[in-house]
Amino acid sequence: MPVLMPAQMPITPRPAPAGTASPAPAASRGTARPIVVRTRAELAAALARPVVRREQTAAASADQTPPDHTPTDPAPAGQAPAASTPQSGKAREAAPARGVRGVVMTMGALHRGHAALIREARRRTDQVVVTIFVNPLQFGSGEDLDRYPRTFAADLDVCASEGADIVYAPSVVHDPAPLVTLSAGPLGDVLEGASRPGHFDGMLTLVGTMFHLVRPDVAFFGRKDAQQLVCIRRMVDDLAFPLEIVGVPTVRDTDGLALSSRNAYLDAAQRRSALALSRALAAGAARATEGADAVLTAARAELACEPGVDVDYLTLASRSDLGPVSTGPALLLVAARVGTTRLIDNIDLVLADPAARSARQSAGRQPAAAYAPDGNGYQGV
């Protein structure tokens with residue numbers, strides 16, 4: 001019989017290190033640690049346990065203080081807002097008898113960005129599975145696989161504080177290495193893929209495997225990893241995975257730096273230099289009403305002011321397929337090295353047509369706002 005670990009231990013919050021997730025308010029924390037499983041057999045047994053659908057417990061908790069969950073920020077201009085119901089709409093409509101299952105896939109070293117993913121999954125599904133696995137398939141030669149932060153005990157505290165039900169933390173997923181893998185195709189060859197060949201193929205192979213093992217109805221991924229999100233959405237569409245993908249807004253520190261497990265590599269001076277990325281995105285987004293050229297010019301100027309930042313790319317791309325874009329909804333993406341640490345960030349915006357803007361100005365009309373700070377923008381959640 002597989003062993004399910006461990007049962008009903010009370011949660012003892014402890015101060016979180018800088019940049020990691022702080023414990024959730026008492027009203028929103030669970031009363032039990034999540035079940036921790038290490039093998040596929042243990043995972044299957046945990047998933048087979050009865051699940052109480054959240055709607056069945058709503059009446060019982062109506063007289064209690066509601067959980068202090070951070071609501072989903074307004075959707076970027078040009079995108080539909082996230083569902084406001086406790087469970088994801090599509091998944092709820094087709095919910096199996098077991099209820100809606102959500103999954104949050106991580107490589108550990110959890111911070112407040114991961115906590116936001118788990119919190120959103122908790123808000124919108126009946127059962128939350130968090131996976132913790134540093135995937136060797138998505139690390140290239142010379143990358144930081146061996147030194148990638150591993151903080152499992154602290155990660156479990158985050159999962160417990162945010163109400164995860166199951167943590168799947170295998171030591172290995174593919175043994176031996178898989179002969180059959182997934183390919184991201186052209187989507188995986190640009191931007192991050194140009195600097196990290198094979199990265200998105202390895203990521204999709206692992207994510208696809210986890211989808212089969214966990215069998216979620218909804219999967220939650222951060223918008224900070226925009227190219228990853230685009231690739232996963234395309235994989236789900238192309239391979240007809242029966243689940244919904246939800247992009248969750250980027251979470252930032254108060255100084256604007258997008259949270260990342262790799263921020264732990266930065267010393268104090270490098271962290272100050274890294275702030276140029278979010279400043280550049282904000283400067284570019286503020287010029288969206290003037291068109292694509294103005295956006296890129298403003299962002300480049302901000303990056304040029306910080307000699308400690310070695311820029312890999314700064315570009316505008318379509319939100320749906322990362323293709324070229326000159327007007328309308330777009331992503332402004334940046335990747336750079338600060339010291340030896342590679343950082344990425346992005347922001348949603350809507351590019352105005354300069355010709356149309358000139359026509360409006362000639363007619364004495366003010367251009368419509370093309371950028372409002374939102375969950376994927378400079379202000380974060």
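The backbone N, Cα and C atoms fix where each Cβ goes, glycine too.
For 1-34 (among others), the entry in TrEMBL reads region 'Disordered'.
The compositional bias 'Low complexity' annotation in TrEMBL covers 17-34.
The annotation region 'Disordered' is assigned in TrEMBL to 47-99 (among others).
Listed in sequence order, ILE132, PHE133, VAL134, ASN135, TYR148, SER261 are the same-chain residues at least 6 apart in sequence whose CB falls under 8 Å from the CB of MET107 (ATP binding site). For 107-114, 222-225, VAL251, 259-262, the entry in TrEMBL reads ATP binding site.
Taken from TrEMBL, the feature active site, proton donor applies to HIS114. According to its DSSP assignment, HIS114 (active site, proton donor) is helical.
The DSSP secondary structure for GLN138 ((R)-pantoate binding site) is helix. Annotation source TrEMBL lists (R)-pantoate binding site at GLN138, GLN228.
What TrEMBL lists as beta-alanine binding site is GLN138.
Annotated region 'Disordered' per TrEMBL: 362-381 (among others), in sequence order.
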Residue among the recorded positions HIS114, ARG223 whose Cβ has the most other Cβ atoms within 10 Å: HIS114
Entries of GLN138, ARG223, GLN228, VAL251 which, being binding-site residues, have CA atoms within 10 angstroms of HIS114 (active site, proton donor): VAL251
Rounded distance in angstrom between the Cα atoms of GLY113 (ATP binding site) and GLN228 ((R)-pantoate binding site): 16
Whole-number Å value for how far VAL251 (ATP binding site) lies from GLN228 ((R)-pantoate binding site) (Cα to Cα): 17
